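Visitor: Pasting the feature list from TrEMBL:
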ACT_SITE  C277  active site, nucleophile
BINDING   D30, K35, T86, T123, E159, K280, R345  NAD(+) binding site
BINDING   F156, L157, R158, E159, K208, Y266, I267, L268, S269, G270, G274, K338  substrate binding site
DOMAIN    331-435  domain 'UDP-glucose/GDP-mannose dehydrogenase C-terminal'
Amino acid sequence: MKIAIVGTGYVGLITGVSLAVLGHQVICIDEDPKKVSMIKNGKSPFFEPQIDQLLKKVTEQHLFTATTDLAASVLESDVTFIAVGTPTTNNRLDLSYIKKASEQIGKALKMTKKYHVIAVKSTVLPGVTEKIVKPIIEKYSKKKIGEFGLCMNPEFLREGSALEDALNPDRIVIGQIDNKSGEEFAKIYNNISAPKIFTNLQTAEMTKYASNSLLATLISFSNEMARLAEAAGGIDITDVWRGVHLDKRLSPFDGKRRIKPGILNYILSGCGFGGSCFPKDIKALANFAKDLKVDAKIIESVIDVNNTQPQRLMIHLKNSLGNKLKNKRIVVLGLAFKPNTDDLRESPAFPVIEALISGGSKVIAHDPIAYQKNIPKQLADLPIILASSVQGAVRNADAVIVITSWAEYIKLTPQFFKKHMKIPIVIDGRRIYDKNSFLNAGIIYKGIGLS
């Protein structure tokens, strides 16, 4: 099929490249000519494992291209995805990009008699596709449902594993305004064997929020348990989760081997979640509940726990340094909110860095990917040193705080820290190190869920 995708951000470009790999003809559209040129030359504007290689491959195969011409792209295609950003303003979704894309698509559809399906890929609250996207397209196209199709197809991509998720999804949710829309749209996924769920638009929209909220809730629950462990004393939350994970309802045992589902990765304690999805989506859902006059206590608590979780690292640090932060050389390992991405949005690194600066510390930060990119304004405006190597970062440090579980950091040994640091204090925000190995080596080792 011929597919147009409005938006070349994370969701748009990953979706476009993946569909091209599956053999579709894909055109991605963006208003920024520099971004379009970059993509056409086989370079992604963001980091994601394998994205540049696959982008170059499908471009050379003439299965993928990018353009600034939305109208021509829509007219040349069978399906158009809306994959623009939905940022938050005062914890509410900003739908201006959705509205603009809908208007432009509607104007293009006015110029053709061919049946065309529009699918919203952007994360939007229940009701947006039917109550906002549909009327705008109808207004500017002068067409009604039946003359064009409308679907809502939420994405379930994990940053760092997005291409694998897109090419081998565990489910495909298709919200359809009518059967014809869903049937035509589903042809895109004919070569994918994943279960397909056909439902209405609002249910598809809600499925995305329910999925993200469940995962975020597990993370905040795990972090609240860690706080209890720290307060009670004598408890190591990592050992607690080892015991919990072995429950056969969480890790089924088939008689020969134990199956460890990926969801167990969310039942672990750390310094909090971040990124472009969880924080934004949970806040939007909380406001959606308020608008409906629903008292969503769990959702509100998920936000509260996550917002305050980075403070736990500062408590451990202050206790280790005798409450003295001024003029201390403190290293922050990891700026991205998770490994295998360059996404700094809502990363727990930043409240930690701000607290360190406020306390008068000299902050040195390292991230294996962020350093390779153009320094974002969020970093450029902070009085920190961005180190090019881990060894350079930790040299003569008074303490190290681990924020991101990059493989490069997991490999570090107690001897490495003892050799290069002034004082071997390690605050482990992701519990990536073996506690006993570090303590036996003479490291002052503190971590989330460890008193």
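Positions of Cβ are set from backbone N, Cα and C atoms, glycine also.
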Visitor: Using C-alpha positions only, work out which of the binding-site residues K208, I267, S269, G274 is nearest to E159 (NAD(+) binding site).
Guide: G274
Visitor: Count the other Cβ atoms sitting within 10 Å of the Cβ of R158 (substrate binding site), across every protein chain shown.
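Guide: There are 16 such Cβ atoms around R158 (substrate binding site).
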Visitor: So what's the average pLDDT for the domain 'UDP-glucose/GDP-mannose dehydrogenase C-terminal' (331-435)?
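Guide: That stretch averages a pLDDT of 93.
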Visitor: Count the Cβ atoms, other than its own, that fall within 10 Å of the Cβ of D30 (NAD(+) binding site), considering every protein chain shown.
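Guide: So the Cβ neighbour count for D30 (NAD(+) binding site) comes to 23.
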Visitor: Would you mind reading off the Cα separation of R158 (substrate binding site) from T86 (NAD(+) binding site), to the nearest angstrom?
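Guide: One finds 17 Å between the Cα atoms of these residues.
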Visitor: For a quick check of packing: other C-beta atoms within 10 Å of the C-beta of T86 (NAD(+) binding site), how many?
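Guide: For T86 (NAD(+) binding site), the 10 Å Cβ neighbour count is 19.
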Visitor: Express the distance between the Cα positions of T123 (NAD(+) binding site) and S269 (substrate binding site) as a whole number of Å.
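Guide: That separation, Cα to Cα, works out to 27 Å.
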Visitor: So how many other Cβ atoms are close to K280 (NAD(+) binding site), meaning within 10 Å of its Cβ?
Guide: 20
Visitor: Indicate the candidate from I267, C277 with the smallest number of other Cβ atoms within 10 Å of its Cβ, considering only these recorded positions.
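Guide: Across I267, C277, these recorded positions, the one with fewest Cβ atoms within 10 Å is I267.
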Visitor: R345 (NAD(+) binding site): which of the binding-site residues F156, K208, G274 is the nearest Cα neighbour?
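Guide: So, of the listed binding-site residues, the one sitting closest to R345 (NAD(+) binding site) is G274.
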Visitor: Sort out the sequence-distant neighbours of K35 (NAD(+) binding site) for me: same chain, 6+ apart, CB within less than 8 Å of its CB, listed by position.
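Guide: The list for K35 (NAD(+) binding site) reads T8, P45, A66, given in order along the sequence.
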Visitor: Let me know how many other Cβ atoms fall within 10 Å of the Cβ of E159 (NAD(+) binding site).
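Guide: 24, counting other Cβ atoms within 10 Å of E159 (NAD(+) binding site).
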Visitor: Restricting to the chain of F156 (substrate binding site) and a gap of 6 or more, list residues whose Cβ falls under 8 Å of its Cβ, or answer none.
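Guide: In sequence order, D165, P169, D170, R171, K208, S211 meet the Cβ cut-off.
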